[in-house]
């Protein structure tokens with residue numbers, strides 16, 4: 001009998017993943033990785049979650065254990081706080097401090113779930129690690145989830161190629177309503193649990209978290225086209241490319257977007273919307289799960305459709321889009337597809353071929 005470790009989050013997707021694998025005849029072991037700091041014990045009253053409702057919190061651990069008890073499988077809480085701080089939180093803060101906008105969920109899959117956790121599972125003699133991701137797997141190929149509204153391949157581009165034979169994604173061929181229906185039928189306590197919308201390590205709003213950890217200082221908002229100071233920002237690390245709201249412009253009639261961030265000089269550059277459009281990108285940290293053809297589809301944000309692009313070079317990685325793309329943001333993921341198949345991805349270093357002909361704003365002087 002094949003043995004599988006199911007990474008349980010306390011949500012319905014990983015709960016149903018465990019259910020399906022047990023029904024398929026696997027020997028299932030449930031586990032949750034503890035990422036959070038020491039907090040007060042969770043409320044044990046069913047249906048009364050804490051205000052901090054997210055995956056991998058104490059309340060979520062309680063729900064995951066209830067699911068394991070219902071399924072009759074063992075459940076373990078694994079202490080991954082040190083690994084998570086080193087591999088996820090520290091790089092996350094460093095990226096923001098450098099004016100980038102990171103994608104911690106993609107990094108977590110690469111280095112924690114399909115890195116450290118898989119290695120531990122193999123050491124314990126388990127054959128597979130399974131998750132509740134909406135991803136399909138055919139042989140060693142990863143395909144978009146059947147439910148287009150829930151597809152999560154965007155976050156799996158960094159999966160180590162050598163990990164692919166040991167990964168299972170049981171809910172990838174289902175829609176979210178089907179997953180909830182299976183959970184209801186099996187009497188799983190997570191059947192109606194709301195989806196987590198927050199980063200698992202941010203107890204509140206992201207801006208407040210960054211202010212607490214990075215201690216940003218106010219500084220000038222500079223028009224990238226004229227060099228004029230047009231407002232004051234709250235701290236360069238709090239802004240991202242393409243942002244329009246909350247800029248603090250002196251002249252409120254101006255329609256301006258963030259077009260660049262210079263954390264060294266503590267300057268945020270703003271400009272017209274067209275200055276946020278790019279016809280290409282340069283990437284770093286390329287990870288390929290399949291051969292990259294000369295022309296690919298590339299997705300630069302989770303909720304935006306992919307755009308056709310030509311691969312100009314691999315070292316450095318440079319792509320040219322078939323049409324301009326808004327807010328090609330340093331630190332975010334550029335993920336490559338051929339049809340429904342995930343080919344790999346990279347971290348965006350910078351956008352190329354700016355539609356407004358804008359140079360790197362950090363090279364500008366201002367008054």
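Glycine is treated like the rest: Cβ placed from N, Cα and C.
Marked as ATP binding site by Swiss-Prot: 7, 8, 9, 10, 11, 12, 13, 14, 33, 132. Within 10 Å of the Cβ of residue 13 (ATP binding site) there are 26 other Cβ atoms, across all protein chains.
Counting every protein chain shown, 24 other Cβ atoms lie within 10 Å of the Cβ of residue 108 (active site, nucleophile). Positions annotated as active site, nucleophile by Swiss-Prot: 108.
Taken from Swiss-Prot, the feature disulfide bond applies to 108-200. When secondary structure is read from DSSP and collapsed to three states, residue 108 (active site, nucleophile) falls in the helix class.
According to Swiss-Prot, the site 'Interaction with tRNA' annotation covers 133 (among others). Taken residue by residue with DSSP, residue 133 (site 'Interaction with tRNA') is part of neither helix nor strand, so it is coil. Long-range Cβ contacts of residue 133 (site 'Interaction with tRNA') within its own chain (separation 6+, distance under 8 Å): 13, 145, 152, 155, 156, 169, 171, 172.
Annotation source Swiss-Prot lists active site, cysteine persulfide intermediate at 200. Counted within 10 Å of its Cβ, the other Cβ atoms near residue 200 (disulfide bond) come to 21, all protein chains included.
Positions annotated as site 'Interaction with tRNA' by Swiss-Prot: 332 (among others). All chains included, 22 other C-beta atoms sit within 10 angstroms of the C-beta of residue 332 (site 'Interaction with tRNA').
Near residue 33 (ATP binding site), with the C-alpha within 10 Å of its C-alpha, lie none of the recorded positions 108, 200, 332.
Put simply, of the recorded positions 7, 9, 11, 108, 200, the one whose Cα is nearest the Cα of residue 332 (site 'Interaction with tRNA') is 108.
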